[in-house]
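Database features (TrEMBL):
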- 63-186: domain 'ABC3 transporter permease C-terminal' (DOMAIN)
- 525-640: domain 'ABC3 transporter permease C-terminal' (DOMAIN)
């Protein structure tokens, strides 16, 4: 019986569930495409390198799919909370004819399940061509061979459908739990109520859940800062999730006092619309929280992620720059004799050191052979000048032993690999040889030490690089004041040798330009993705709430308010509530950046603090525009139905 009622409700009130349908369908489509591509790499006979590259890219899409699931829970929760609020009399009538609270609760959950099933079918159908499109993009950009394609088999289709549908149903159930509990408490007598009065305060379960997640986020952050190192950074990368969940659940508590601050300016600048907007926001806590929560999540998730990454990236760059003691770099082409270039540079006035370095990439095997660390930079140097060319603080061993078949590396990397000074370990070089070497020394570094190269004798690197090595000459000046003159003299000397002369800052700016561009692309994609879900959630809240405000607008019209005044009041409402979300999300994001910086400083005191002001302004501005547009569009039609007079 409840299933029939749920199906009829879905059919006749489809508009109330559009937001949930769109959010869930998008998440299922993305997850289906991602799983299909990942499973196709395993079934398509790709070599290990291509398969690993594709899986690294699709893991980013998996992150977006998990974000879609996370945000969809709040979209579904907001949708069903409003749906239950608008159907109080209907649900009270069901209670009046004998339905129990458990049956009403089951009815709401069944509605959520039906929405999830419809979204699962639509999302799966969209995910199939989406996987083909994703593969075409990967092959066009050179991230996958031309022969790679989507493998449609019972295993791949079954795995993609099971994962996507299972997650969709789970998200729908989690999103409807709160609304179902509230619906079960509706009394039969409420069927006789004419006025709809929004309840004040929050229910104990919401208080408990909000405080629990808030405490969890703070606890994870505190533990991460105490633990430090890689473990601490990993924890801090995820602590904002429970923190933001707690803030979103407690949004009705924050909306009132924060709105008082936010609406003080519009109340002073306007005659009546600002004051009315402030009063509406404070008295309509559920509607205000329904708009503020998605904005809070959008700003908090996006800006905290980007802020944390910025802190880590800048810390890594700072540590890498400090690792090299040289002031000027001569970038030598393969056909240029690096030794001759170094000898030429040594004759320049003001030069105290000209050291040749040879770099390649290698794989480092864990001491027990369980796994390998691929793609590590190995820098070959002259053992006689290694302590002058690099600013390293030795933690164990000595660089005097760096000769023959030996290496020196960052202590944290050695700990991860299980290496200690004196151990005989294996390094896989580009010529295919797994060369046994001895660990001569371990040097200190910050939490971002994995960016630092492994040091080895230059002869060892040349012997096993198989032509992949690149040579450079690091030049150290006698005084920082001589850097400019030495750079100019070297540029003049190397003008005919096809070698480029760069200052250390110029070299690292070029080195990090590609990574910064990739980070900015990921930033734009992440922000666009999260803002899309914000638009769905805010528009869904606006459409469902303004439809029930027609009588309110008509009453304002009878009291003399014009359409323009009513629309300005709504604009102030949406901007005020959006500003609450931006403010709370910005505080969470700033906290994430500061916590990460404090953790990095434990091992790297010189790490600079980078706060994401630009990202906050961009994402927050977009959220305010979304909130304003999504509120004004349905309000125009609602005001027309209310027949308020024109200006």
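Positions of Cβ are set from backbone N, Cα and C atoms, glycine also.
Curation plays no part in TrEMBL annotations; they are all automatic predictions.
In the predicted model, the domain 'ABC3 transporter permease C-terminal' (525-640) has a mean pLDDT of 82. Residue counts for the domain 'ABC3 transporter permease C-terminal' (63-186) by DSSP state, with H, G and I taken as helix and E and B as strand, are 104 helix, 0 strand, 20 coil. Secondary structure counts, DSSP: the domain 'ABC3 transporter permease C-terminal' (525-640) has 101 helix, 0 strand, 15 coil.
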